[in-house]
Amino acid sequence: MAASPPFMAAAAFLTLVVVLFRAPAPAIAVGEEAAALLAFRRASVADDPDGALASWVLGAGGANSTAPCSWDGVSCAPPPDGRVAAVDLSGMSLAGELRLDALLALPALQRLNLRGNAFYGNLSHAAPSPPCALVEVDISSNALNGTLPPSFLAPCGVLRSVNLSRNGLAGGGFPFAPSLRSLDLSRNRLADAGLLNYSFAGCHGVGYLNLSANLFAGRLPELAACSAVTTLDVSWNHMSGGLPPGLVATAPANLTYLNIAGNNFTGDVSGYDFGGCANLTVLDWSYNGLSSTRLPPGLINCRRLETLEMSGNKLLSGALPTFLVGFSSLRRLALAGNEFTGAIPVELGQLCGRIVELDLSSNRLVGALPASFAKCKSLEVLDLGGNQLAGDFVASVVSTIASLRELRLSFNNITGVNPLPVLAAGCPLLEVIDLGSNELDGEIMPDLCSSLPSLRKLLLPNNYLNGTVPPSLGDCANLESIDLSFNLLVGKIPTEIIRLPKIVDLVMWANGLSGEIPDVLCSNGTTLETLVISYNNFTGSIPRSITKCVNLIWVSLSGNRLTGSVPGGFGKLQKLAILQLNKNLLSGHVPAELGSCNNLIWLDLNSNSFTGTIPPQLAGQAGLVPGGIVSGKQFAFLRNEAGNICPGAGVLFEFFGIRPERLAEFPAVHLCPSTRIYTGTTVYTFTNNGSMIFLDLSYNGLTGTIPGSLGNMMYLQVLNLGHNELNGTIPDAFQNLKSIGALDLSNNQLSGGIPPGLGGLNFLADFDVSNNNLTGPIPSSGQLTTFPPSRYDNNNGLCGIPLPPCGHNPPWGGRPRGSPDGKRKVIGASILVGVALSVLILLLLLVTLCKLRMNQKTEEVRTGYVESLPTSGTSSWKLSGVREPLSINVATFEKPLRKLTFAHLLEATNGFSAETLIGSGGFGEVYKAKLKDGSVVAIKKLIHFTGQGDREFTAEMETIGKIKHRNLVPLLGYCKIGDERLLVYEYMKHGSLDVVLHDKAKASVKLDWSARKKIAIGSARGLAFLHHSCIPHIIHRDMKSSNVLLDNNLDARVSDFGMARLMNALDTHLSVSTLAGTPGYVPPEYYQSFRCTTKGDVYSYGVVLLELLSGKKPIDPTEFGDNNLVGWVKQMVKENRSSEIFDPTLTDRKSGEAELYQYLKIACECLDDRPNRRPTMIQVMAMFKELQLDSDSDILDGFSINSSTIDESGEKSM
C-alpha cells in the first residue's frame, strides 16, 4: 500500500536527519579551533602557576604546525578529520571563573576533563549548540557553585559519563540523554528533592549513580526505574524514614554496590527482604538508626558479599550471627558501634580464610577472641576496641596472625604484662598498635623497633606502664605517632625519639617524666604537629629549637617546672593553634609576636610569673584565622568553676585513648571541687575568618592597662585576666566580644564603671569583677544582673542589682577597697563582732552540753529506727555519723509547715518507699507525701550530691524559697541530713506537661487547644518572672516540658528553677547534657561556649511551645531519625509544609488554624540559631498579649509590661 504524501515527507525528513547525524561534519579551519581554545584561556584561566598552558600560542611547532593539536592537554582526531577531539587539563592547578562557552562550541569535542583545578563560578552559561559530540565530561574537584541549569549538556545525545563531584553545586538538574551510563554528583551541596527524584526516575540506562555526601533529605526513592544500575551510592546525606521495601528485594539483577551509610534511616530491619542481593559484592548500611535484635537473617542470601558494613546503627543488638560463615568471599566485615553482646562466636574464625579487615569495635562483647581466629592468615586489620574483652588472647591468638598490620584493642579490660614482646615476635608486619585504656603494666620492651621495622603508630595511653621510655624507640624510622600518656613512666625523654624523622604526634602527658626537654626538636625534619608533654616534672627552659617546628599545631608544656622566658621565634609558627604554657615558673614578658600566629585560637599562660604589660599585638591575628577545622584531635576541657581554689579558667587536654573515669582521678580534677569535664573531637570550626577563642593570662604579675584591641577578638569565648596587677578602666571595646562566655577581671586594681555595652553580650554566663576599685551602677541590661553578688564583691563603689540599690550607703562608708579610713572602721567593727561571738559561743557550749546529756539515752533507739528504714525504693541514704536524724527540722517558708521534721517526711512517704515514688530526673527522685493534716506535698531527694557546698546549698535554698509566683512551683522547705538534701514542694495534681502530652496511658487529662494555649502563656509568664523580676535574675538552665507542671486548674507551673545552678555547684562531674539542659532543648550556641544564658532559656521555651503545637517529643528516632523536633519543624517550614507540623487533634476547628500559625511563628522566633535575634521572655509575653487583643478570652488576665519587670497587679514590681 502506498504511503500518503505527508508520511513520505516525514520519512524523508527523518532519513535526512540520520544521514546528517552520521555524516562527518564539515571541516572547520584549524585557526577557528585555536581561537576558541584561546578564548577559553582568556575567559577562564586567571592563574596558571605552573605554566601548564604555555604552549597555547599560535604558530607553536614551526611553520607546518598542527596547532592546536600540538598544544599541551589538547588531542585531535586522526586525519583526515583532524579536529579537536579531547581537552584534558586535569591537575594543572589552573584557577579562574570557568566559562565553557568556547570549549562547548568545538563541534568534534568528545572528551572534556578539567578535574582537580581551582575553577569557580556556576554553569548557567554552559549550553552547547547542537550538534554536540561530547561523550565524557569531568569537571570534578573544583570550586563550582550555583545550580545546574536545565540546558546544561542537553543537546549532547551521545553523552555517556558526567562527573561533577567535589564542587559546591547547590541544586538544579538537567535531562539525561538515553545514552548516559555514569553520573557522579557526589560531594556537593545538592539539596533539591526534585533533582533526587529525577535522578532515580531518569536513570534507565545509568550503571553508575553516585549522589553521596550532599544535603538530600526526605525518603529514598524506589529503584524501579534504574534497571541497569550496578553501583548506587547515596551515602552521607540527610535522608530519613524507613527503607523502601523493595530496595534490595526488587533491585536490578546487575546491582553489585549499594551504599546508604550516614543517613537517618530508621525502622526494624530484622525481617527485611534481601531476596535480590545475589550479585551484591558491597553492602554498606552503616551509621543510620536501623534497629534489630539480631543481624538481619535475610543477609544469608548475599553470599557473594566482599564487604559488609553495618556499623554505627547503635540499635542493632543481640549475639553476633554465625551464618556469616558461609560468606566465602567476604574480605571486610564492619559491625562496630552497635549493641551486640555476648562472646565472639568461634564460628566467625572459620570465615577468616580471605577476610582482610574485621571491625567489631564499640559493642558490648565479652570474653576473649576465640582460638579459631588463628586461622585468619589474610587478616590485616583487627579492631576490637571499646568492648569488655579480657584474657590473654593477645599473646595466645593475636600474636599468631603474621599478616596483621593494624591492631586496635583500646578500651577493653585486658590485664597483665603488656604483650608487646609476643606481638613483635609473631606479627612482624605491624604498623599500628593501639592498646590504650586497658590495665597493662610492665615496661616497654627496648628492642621493639628491630622486630617491627614498619611501625607507624604506638598508642599505649591510660595503662599502668612503668620504667623509662627506651631510647631504642628512636630506631623506628617510620614512627609517626607515640602516645604514652597517663602511665607511670619516669626518667627523661630520650633525645633519639625527639630526632625521629617522621614523627607527627609526640604525646606523653600525665607521667612522672623529668629532666630537661632535649633541645633538638625538628633537627631531623619538621613533621612534628603535636607536642603534648604536660603534667610531668620537666625542668629547665623551653627549648629554642621548638621554633623550628613550623608545622606545630598543638603545644602543651603546662603543669611542669619550666623556668626562664618564652624563646623568641614563636611568631614564625603560622600553623600553631593551641599553646599551653600554664602552671610553670616562667617569667619575662608575654611575647607580642604571638599575635602574628594567624592560626592561634587557644593561648593559656596562667599561673606563671610573667610581668610587664599585656601586649596589644596579641589581638593582631583577629580576623585572620582561616575557616575550616582548626584541630581535629580529640580533646577534654576541664572547666574551672572553683574560683580562687583552682587558678585559671580551665585546662585543655589531648584526650585520645583516655577513660573519663581515669581523668576524674587526675589531680587537676579532684583537687578542684567545681571542675567540669567536657569532651569533643574538634576544638573549633570557623565558618568565616576567626580569632582566638581562649585567652588566659590570670595569676601572673601583669601591670598596666587592659588593651582595648582585645575587643577585636569577636570569636573570643573565654578571657581571664584575673589575679594580676592591672589598672585603668574596663575597655569599652569589650562590648564587641560578641561570643564571650566567660570574662574574669577579678583581683586587679581596675577603676571606673562597668561599660554599659557589656549588657549586650548575649553569651555571657560567667562574669567576675570582684576585688577591684570599680564604681557606679551595674548595667541593668542583658546578663549582668543574673550573676551572684560575690562576682561584684569588694568594689565598694558599685551598686544596683544584685547589690544594694544605688544611693544606699554601705555599712562602712562605701570607701573604695584599700582606703585607710575604711580599713580602720573595718578593724573596729571586727573587734566588736569578735567579742560578741566569743560570748555567744560560750553560751552555746553550755546549752549543747545539757542537751547532749538529755539525748544520750535515746540515741540508740533513734539510730535503730533509722537503720530499719525501708530500702525497697530507689533511694539510698548516707546517714552515718548523723546524730538524731529524726528530730532534724525542715527549714520551711510556709507557716503551716513550721514544725515539720525529717521524721514526718519519713512517715509520710513510708520511708521513701517505691510506692510513693512519682518521678525522677536529672536532679533527683520525687516522692508524694501525705502529711498528718491531710495536705499533700512533693519531696525531691537530690542526687549527685557529694557533701560539699553546704553554704552554697543553704544560700541557694533561702533565695529560691522566697520566690513566689503563680506560674512557679513554690519551694515550701528544705532539709539537710548527713550527705542527703531534701526539698519540699507544693504537689501538682496533673503532673508534668511531658507526661500529659506524650504518655497517654499515664495522662490524667487530655489537652485541647485552649488548654495548651493557657499552658504556653503560663509557662512563658513564669519564665519571664525569673528573667526579669527576680533579684538577682535567675536563668533556669533546664527549661523543658517535664519541668512544666500542671495544677488542679491546668495552670502551668515552672519547676526546678535554680536547680541547675545549685547542682552546678554541688556535683563535680556532670555530663554536658546535664549541665546545659536536656538533649532536644539545648540551644546550638551551648556547644561553642558551654555557657547558659537567658536567651538559651528562650530557645528551650521555644521547643516546649513546639511540643504543645505538634504533640511530638523533642527527640524521637522513630519520627525524626538522627534529627530532632526543631530541625524537622524548620524543614517543614522551609518546604511550605507547616500544616503538617500541628497535632491533628488541634486542626479540627478551622477558625482556630490561623492562631496555630501565629503561635508557630513565635516558636520559630524563639528558636533562631542566633541568640541576639531571639526575643526576651518579656517580648514573648508582649507577642501573646498582641494575639489576645482580638480574642474573647483573657488568659493573660492583667499582664502588663514595664521597662524591665513583669507586674500582674498593675503595680510596678521590685
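Cβ from N, Cα, C; glycine included.
Annotated signal peptide per Swiss-Prot: 1-29, in sequence order.
Per-residue pLDDT, averaged across the motif 'Cys pair 1' (69-76), gives 93. What Swiss-Prot lists as motif 'Cys pair 1' is 69-76.
According to Swiss-Prot, the feature repeat 'LRR 1' maps to 106-130. Within its own chain, the repeat 'LRR 1' (106-130) has Cβ neighbours under 8 Å at 25, 28, 33, 36-37, 44, 47, 75, 77, 81, 83-100, 136-149, 151-156, 163, counting only residues six or more beyond its boundaries.
Positions annotated as repeat 'LRR 2' by Swiss-Prot: 132-155. With DSSP states grouped into helix (H, G, I), strand (E, B) and coil, the repeat 'LRR 2' (132-155) comes out at 0 helix, 7 strand, 17 coil.
Residues or ranges marked as repeat 'LRR 3' by Swiss-Prot on the basis of sequence analysis: 157-177.
Residues or ranges marked as repeat 'LRR 4' by Swiss-Prot on the basis of sequence analysis: 178-202. Secondary structure by DSSP for the repeat 'LRR 4' (178-202): 9 helix, 3 strand, 13 coil.
Away from its own ends, the repeat 'LRR 5' (204-226) comes close to residues 165, 176, 178-193, 196-197, 232-244, 246-247, 250-252, 254-255, 259-260, 263, 265, 1131 of its chain (Cβ-Cβ under 8 Å, at least six residues beyond either end). What Swiss-Prot lists as repeat 'LRR 5' is 204-226.
Cβ atoms under 8 Å from those of the repeat 'LRR 6' (227-250) belong to residues 181, 186, 203-221, 256-267, 269, 272-277, 280, 284, 290, 1120-1121, 1123 of the same chain, restricted to positions at least 6 beyond its ends. Taken from Swiss-Prot, the feature repeat 'LRR 6' applies to 227-250.
Positions annotated as repeat 'LRR 11' by Swiss-Prot: 355-375. Within the same chain, residues 311, 320, 330-349, 381-393, 396-398, 400-401, 408 sit at least 6 positions outside the repeat 'LRR 11' (355-375) and bring their C-beta atoms closer than 8 Å to a C-beta of that stretch.
DSSP places the residues of the repeat 'LRR 12' (377-400) in helix, strand and coil in these numbers: 7 helix, 5 strand, 12 coil. The repeat 'LRR 12' annotation in Swiss-Prot covers 377-400, and the record cites sequence analysis as its basis.
Sequence-distant contacts of the repeat 'LRR 13' (401-425), counting only residues of its own chain at least 6 positions beyond either end whose CB sits under 8 Å from a CB of the stretch, comprise 361, 373-374, 376-392, 394-395, 431-445, 447-448, 451-452, 454, 459-460, 463, 465, 657, 659. Residues or ranges marked as repeat 'LRR 13' in Swiss-Prot: 401-425.
What Swiss-Prot records for 573-597 is repeat 'LRR 19', and it gives sequence analysis as the kind of evidence.
Same-chain neighbours of the repeat 'LRR 20' (599-621): 553, 558, 574-593, 630, 647-649, 651-652, 683-684, 690-713, 715, 720-721, 726, counting only residues six or more beyond its ends whose CB sits under 8 Å from a CB of the stretch. The annotation repeat 'LRR 20' is assigned in Swiss-Prot to 599-621.
For Y678, the entry in Swiss-Prot reads brassinolide binding site.
Taken from Swiss-Prot, the feature repeat 'LRR 23' covers 713-736, and the record attributes it to sequence analysis.
According to Swiss-Prot, the feature domain 'Protein kinase' maps to 912-1189.
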Contact ranking winner - 178-202, 573-597, 713-736 against the repeat 'LRR 2' (132-155), Cβ under 8 Å
178-202
Who are the long-range neighbours of the repeat 'LRR 4' (178-202) in its own chain, taking Cβ under 8 Å and residues 6 or more past its ends?
140, 147-148, 157-172, 208-218, 221-223, 225-226, 228, 233
Below 8 angstroms Cβ to Cβ, which residues of this chain, lying six or more residues outside the repeat 'LRR 3' (157-177), approach it?
115, 132-151, 183-192, 194-195, 198-199, 202-203, 206, 210
Chain residues outside the repeat 'LRR 23' (713-736) and at least six past its termini with a C-beta under 8 angstroms from it
601, 606, 614, 619, 622-623, 625, 644, 647-650, 684, 686, 690-707, 742-755, 757-758, 760-761, 763, 768-769, 774, 1088-1089
Across the repeat 'LRR 3' (157-177), DSSP labelling yields 0 helix, 5 strand, 16 coil
As a quick check of your reading of DSSP, tell me how many residues in the repeat 'LRR 19' (573-597) are helical, how many are strand and how many are coil.
5 helix, 8 strand, 12 coil
